[in-house]
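Undergrad: The structure follows.
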Amino acid sequence: MGLELFLDLVSQPSRAVYIFAKKNGIPLELRTVDLVKGQHKSKEFLQINSLGKLPTLKDGDFILTESSAILIYLSCKYQTPDHWYPSDLQARARVHEYLGWHADCIRGTFGIPLWVQVLGPLIGVQVPEEKVERNRTAMDQALQWLEDKFLGDRPFLAGQQVTLADLMALEELMQPVALGYELFEGRPRLAAWRGRVEAFLGAELCQEAHSIILSILEQAAKKTLPTPSPEAYQAMLLRIARIP
């Protein structure tokens with residue numbers, strides 16, 4: 001059996017790995033795990049990834065459970081074009097520098113609007129307004145750092161070409177954008193960066209990867225989202241409670 005990728009395109013890192021694999025012609029058997037239904041908390045999936053998170057890559061008996069590690073693994077295994085994960089030591093270090101900061105300051109912060117506008121209401125929970133405002137402030141600060149520290153006057157986050165850093169960042173920022181947040185308004189450098197990354201990836205691939213998240217508000221309004229399992233419901237309550 002070939003490589004298996006367990007994913008849900010509602011998930012930002014799942015989309016990053018999906019886009020990377022598609023763009024580079026990497027053969028993967030896709031296994032959809034519905035996050036809203038709570039399939040990532042099922043006994044079957046927990047036997048594959050005890051952390052109960054997506055994406056997860058299975059290469060025979062070898063299992064990887066973190067998106068950045070999966071991207072690096074695929075890049076090296078399939079010898080994708082060097083710009084993604086540069087062989088030059090300093091250029092590669094820049095990619096790792098961003099990915100480390102991304103895990104601390106981007107990942108999680110930009111996912112909170114989905115909990116506020118879709119997932120919380122789905123289970124009858126409203127996130128307190130003071131938490132919503134704190135999250136807006138945190139996103140604004142992170143965008144400023146992203147623009148000033150990592151983008152600067154370069155075309156891409158880690159240099160002159162698209163890298164894994166750009167892909168991870170774009171997918172995280174797409175989450176609130178899909179929910180109506182004007183993240184790029186008043187930020188022409190970031191807006192131009194987004195345009196360059198999407199142009200490189202191609203409109204068709206971006207639309208394919210983003211179609212589910214772009215339609216999730218409409219699904220919520222029409223009440224067509226699936227009902228979470230009891231296990232997922234409890235996990236969702238805990239996640240909402242942890243919003244700072």
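If you go along the chain as it appears here, the first residue is 1 and each next one adds 1.
Cβ atoms here come from the backbone N, Cα and C positions, even for glycine.
What Swiss-Prot records for His40, Lys41, Lys53, Leu54, Glu66, Ser67, Asp104, Cys105, Ile106, Arg107 is glutathione binding site, and it gives experimental evidence as the kind of evidence. The domain 'GST N-terminal' annotation in Swiss-Prot covers 2-82. For 88-224, the entry in Swiss-Prot reads domain 'GST C-terminal'.
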Undergrad: If you count other CB atoms within 10 A of each CB, which of Glu66, Asp104 wins among these binding-site residues?
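TA: In terms of Cβ crowding, the pick is Glu66.
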Undergrad: Greatest CA-CA distance (Å) over the residues His40, Lys41, Lys53, Leu54, Glu66, Ser67, Asp104, Cys105, Ile106, Arg107 that the record ties to glutathione?
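TA: It comes out at 26 Å between the most distant Cα atoms.
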Undergrad: Would you mind checking how many other C-beta atoms are within 10 angstroms of the C-beta on Ile106 (glutathione binding site)?
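TA: Its Cβ has 23 other Cβ atoms within 10 Å.
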Undergrad: Let me spell it out: for each of the binding-site residues (His40, Lys53), count the other Cβ atoms within 10 Å of that residue's Cβ, using every protein chain shown. Which one has the most?
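TA: Per the Cβ count, the most surrounded site is His40.
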Undergrad: Grab the pLDDT values for the domain 'GST N-terminal' (2-82) and give me their mean, rounded.
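TA: The average pLDDT of the model in the domain 'GST N-terminal' (2-82) works out to 97.
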Undergrad: Give me the DSSP three-state residue breakdown of the domain 'GST C-terminal' (88-224), ordered helix, strand, coil.
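TA: Secondary-structure composition of the domain 'GST C-terminal' (88-224): 100 helix, 2 strand, 35 coil.
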